[in-house]
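Trainee: Sharing a structure below in structure tokens format, with a few things to ask.
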Amino acid sequence: MAQGLIEVERKFVPGPGTEERLQELGGTLEHQITFRDTYYDTPELNLMRSDHWLRQREGSGWELKCPGAVGVSGTHTKYLELTSDPAIVARLCEVLGAEGLGAGGVAAVLGSLGLQEVASFVTKRSAWKLVFCGADEEEPLLRVDLDTADFGYAVGEVEAIVREEAEVPSALEKIQSLSSMLGVPAQERAPAKLIVYLQRFRPQDYQRLLQADSSRERPQGTKHLDSNLG
């Protein structure tokens, strides 16, 4: 599998003073954007049930989030992000047990893999960035996204993107510290937008994921329905 970036993140419920607090901490509002995310899976949700999440984001292209390695627990999650079509297609074929699909892009293999749209919604996002106090200049910035989906759900995310497994513990420490500074309760778990969408509009699919989630052994100690999928 082609190497992707490692996303370490924590979801939280933003409050009315979250943006003001980010400013106090030296955060910078990088941009405000609106985009549509469309998620794809088989009718049986074979991807999501194996903790793989295929998304096409308006203006950004395709992304497949895959389970991260062991070592992250509690309220944080870690995912490997694949964004190149060849890497995504190769992983999809591996997970779905397909062979011989050639070198076409993701869109070209959707039908062959039995993938169809399962969710689509628009998000308004305020994207913040800040340098963590005492951080080395070479270390990645922390990013905070404040999202409101068009079906009325609001969620925030503190995120760090790293390239090596060795960088994950430092990223986790920074995310935890910043979350505390933002007033996020230590054990708060906020579900991702996609999960809330399924719960509200596709309850049978949501129940199917709950069953898969409860039966899966997760060395990371996290429940994928609690927080992922930015």
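We count from 1, first residue shown onward.
Using N, Cα and C of the backbone, Cβ positions are placed for all residues, glycine too.
In TrEMBL, annotation is done automatically, which means it is predicted and not curated.
According to TrEMBL, the domain 'CYTH' annotation covers 5-201. According to TrEMBL, the Mg(2+) binding site annotation covers Glu7, Glu9, Asp145, Glu157, Glu159. The substrate binding site annotation in TrEMBL covers Lys11, Arg55, Arg57, Lys65, Arg125, Glu157, Lys193.
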Trainee: State which of the following binding-site residues has the fewest other Cβ atoms within 10 Å around its Cβ: Lys11, Arg55, Lys65, Lys193.
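Mentor: Among the binding-site residues Lys11, Arg55, Lys65, Lys193, the lowest count of other Cβ atoms within 10 Å belongs to Arg55.
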Trainee: Which of these binding-site residues is closest to Lys11 (substrate binding site) if you go by CA atoms: Asp145, Glu157, Glu159?
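Mentor: It is Glu157, whose Cα lies nearest.
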Trainee: Give me the CA-CA distance between Arg125 (substrate binding site) and Asp145 (Mg(2+) binding site), in Å, as a whole number.
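Mentor: About 6 Å separate the Cα atoms of these two residues.
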Trainee: Calculate the distance in Å between the alpha carbons (Cα) of Lys65 (substrate binding site) and Glu7 (Mg(2+) binding site), and round it to a whole number.
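Mentor: On Cα coordinates alone, these residues lie 9 Å apart.
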Trainee: Taking the Cα atoms as reference points, how far is Arg57 (substrate binding site) from Asp145 (Mg(2+) binding site) in Å?
Mentor: 16
Trainee: Glu157 (Mg(2+) binding site) has how many other Cβ neighbours within 10 Å of its own Cβ?
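Mentor: The answer is 25 other Cβ atoms.
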Trainee: Within 10 Å of each Cβ, count the other Cβ atoms and name the one among the binding-site residues Glu7, Glu9 with the highest count.
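Mentor: Ranked by Cβ atoms within 10 Å, first place goes to Glu9.
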Trainee: Tell me which of the binding-site residues Glu7, Glu9, Asp145, Glu157, Glu159 ends up closest to Arg55 (substrate binding site) in space, Cα to Cα.
Mentor: Glu7
